[in-house]
Amino acid sequence: MNTNQNDENIEKQPSQRGLKNRHIQLIAIAGTIGTGLFLGAGKSIHLTGPSIIFVYLIIGALMYILLRAIGEMLYQDPSQHSFLNFVSRYMGAKPGYFIQWSYLLVVVFVAMAELIAIGTYINFWLPDLPIWMTEVFVLVLLTLLNTLNPKFFGETEFWFGMIKIVAIIGLILTAIILIFSHYHTGTDTVSLTNITKGFEFFPNGVSSFFESFQMVMFAFVSMEFIGMTAAETDNPRPTLKKAINQIPIRIVLFYIGALLAIMSIYQWRDIPADKSPFVTIFQLIGIKWAAALVNFVVLTSAASALNSALFSITRNLYSLSQLNDDKILKPFTKFSKAGVPVNALLFTSLLILFTPFISMIPAISNSFVFITSVATNLFLVVYLMTLITYLKYRKSKDFDPSGFTLPAAHIFIPLAIAGFVLIFISLFCFKDTIIPAIGSVIWVLIFGLFTFFRKIKTAD
């Protein structure tokens with residue numbers, strides 16, 4: 001399939017290209033900044049000290065290689081609503097069916113988890129309001145938003161992303177001011193030497209260092225969401241190329257910058273593992289409502305993740321209905337006048353609507369934590385299959401050497417595959433992750449066998 005044919009496919013798309021360059025740039029930024037940075041940075045620092053910076057750089061490099069691979073395939077054919085469509089194209093209908101349904105269910109569980117988190121964050125201000133009511137209200141609101149032209153989704157994500165950026169830049173600027181004023185925290189003077197003083201690469205042992213890889217890996221989950229926006233992006237090729245190329249500097253600025261800021265203000269051993277460093281530091285400079293401020297930031301972060309999940313699941317469901325000739329999926333091919341696969345969106349919202357029931361029943365809620373952990377592990381399976389698909393693409397007639405090609409792909413792709421495999425294997429080495437890891441393997445085996453023996457009807 002050549003570039004001219006793909007350009008014709010772009011014009012024939014029933015969706016509307018309402019996402020502009022600034023939307024995609026902020027979506028890319030928001031995708032690299034998870035809620036975990038605001039709430040979990042203290043725990044990850046406590047686990048392995050300043051060497052956590054190297055862990056973030058390594059995982060960031062793996063994710064950048066993945067996104068360059070996705071970006072190259074989408075650059076060649078930006079008419080695709082989901083980067084997972086390439087699995088069906090280059091690896092076959094059955095692997096495509098397996099990975100798209102797996103990813104769809106994974107993101108449904110992630111969306112449910114984010115909705116539960118939103119209810120909890122709002123409960124911080126409205127403790128007397130039942131959480132289930134909050135969850136239903138937010139879900140209905142975001143569903144209505146997603147029925148509009150994609151530009152409204154882009155605009156919402158733009159401002160959600162801006163809030164996270166302002167919070168991180170505020171933290172970094174605070175650290176710079178405190179460093180130059182030689183501020184004393186009560187235990188020590190704010191200085192970059194707090195990071196290097198008594199530096200040990202493995203302060204809590206090698207096992208803690210490798211355990212931190214899992215935490216950091218799941219902080220980066222959902223960065224691949226940008227691969228769902230190509231078909232609805234105005235002028236997608238240069239826009240996606242620019243957004244993906246800027247990811248490394250964003251990782252350095254927002255993640256590494258925030259970690260350096262936190263560890264320069266407090267010696268890392270003094271940073272509480274169970275409290276947000278953002279709250280601690282903003283309280284230090286006299287912001288009494290620091291807890292409320294950070295709660296607002298993580299609320300918008302969770303709302304952004306849920307909003308993106310609705311968009312992602314809807315487009316994946318539409319893509320499945322396009323690729324497979326199952327009658328049960330046909331209703332999901334319908335687009336509204338606003339250019340939205342509306343039936344797929346409503347079905348997605350109905351699935352997520354089970355969340356309030358999960359919140360209200362403790363036995364189910366406890367089981368759901370396990371299911372969500374299993375689902376999150378499956379992201380690694382998705383990433384691995386995407387990279388293998390990319391290798392198939394490079395050997396196909398569709399490969400465009402003049403496109404957005406990944407330099408030295410023959411070196412970087414095997415390295416990324418090895419990295420993700422090692423992280424997945426490490427899940428079996430720690431008591432907190434071994435059971436969910438076994439659960440994810442069981443899913444791969446059972447659903448994989450089901451897919452293997454099932455007759456997949458592909459659409460023409």
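Every residue, even glycine, has its Cβ placed from backbone N, Cα and C.
According to Swiss-Prot, the protein carries these features:
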TRANSMEM  26-46  transmembrane segment
TRANSMEM  47-67  transmembrane segment
TRANSMEM  98-118  transmembrane segment
TRANSMEM  124-144  transmembrane segment
TRANSMEM  160-180  transmembrane segment
TRANSMEM  209-229  transmembrane segment
TRANSMEM  246-266  transmembrane segment
TRANSMEM  278-298  transmembrane segment
TRANSMEM  344-364  transmembrane segment
TRANSMEM  368-388  transmembrane segment
TRANSMEM  410-430  transmembrane segment
TRANSMEM  433-453  transmembrane segment
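Of the two recorded stretches, the transmembrane segment (246-266) lies close to the transmembrane segment (47-67), with three or more CB pairs under 8 Å once pairs fewer than 6 apart in sequence are set aside. Of the recorded ranges 98-118, 209-229, 278-298, 410-430, 433-453, the transmembrane segment (160-180) has the largest number of C-beta contacts under 8 angstroms with 278-298. Of the two recorded stretches, the transmembrane segment (410-430) lies close to the transmembrane segment (209-229), with three or more CB pairs under 8 Å once pairs fewer than 6 apart in sequence are set aside. By the count of Cβ pairs under 8 Å, the stretch nearest in packing to the transmembrane segment (124-144) among 47-67, 98-118, 344-364, 368-388, 433-453 is 344-364. By the count of Cβ pairs under 8 Å, the stretch nearest in packing to the transmembrane segment (209-229) among 47-67, 98-118, 344-364, 433-453 is 47-67. Comparing 47-67, 98-118, 433-453 for CB pairs under 8 angstroms to the transmembrane segment (344-364), the maximum falls on 98-118.
For the transmembrane segment (368-388), same-chain residues at least 6 beyond its ends with a Cβ under 8 Å from one of its own Cβ atoms are 65-66, 69-70, 83-84, 86-87, 91, 95, 99, 102-103, 105-106, 109-110, 112-113, 116, 217-218, 221, 224, 358, 413, 416-417, 420-421, 423-424, 427, 433, 435-437, 439-440, 443-444. Long-range neighbours of the transmembrane segment (47-67) within the same chain, counting only residues 6 or more positions beyond its ends whose Cβ lies under 8 Å from a Cβ of the stretch, are 195-196, 199-204, 208-209, 211-213, 215-217, 220, 223-224, 226-227, 244, 247-248, 251-252, 255-256, 259-260, 263, 268-269, 273, 383, 386-387, 406, 412-413, 415-416, 419-420.
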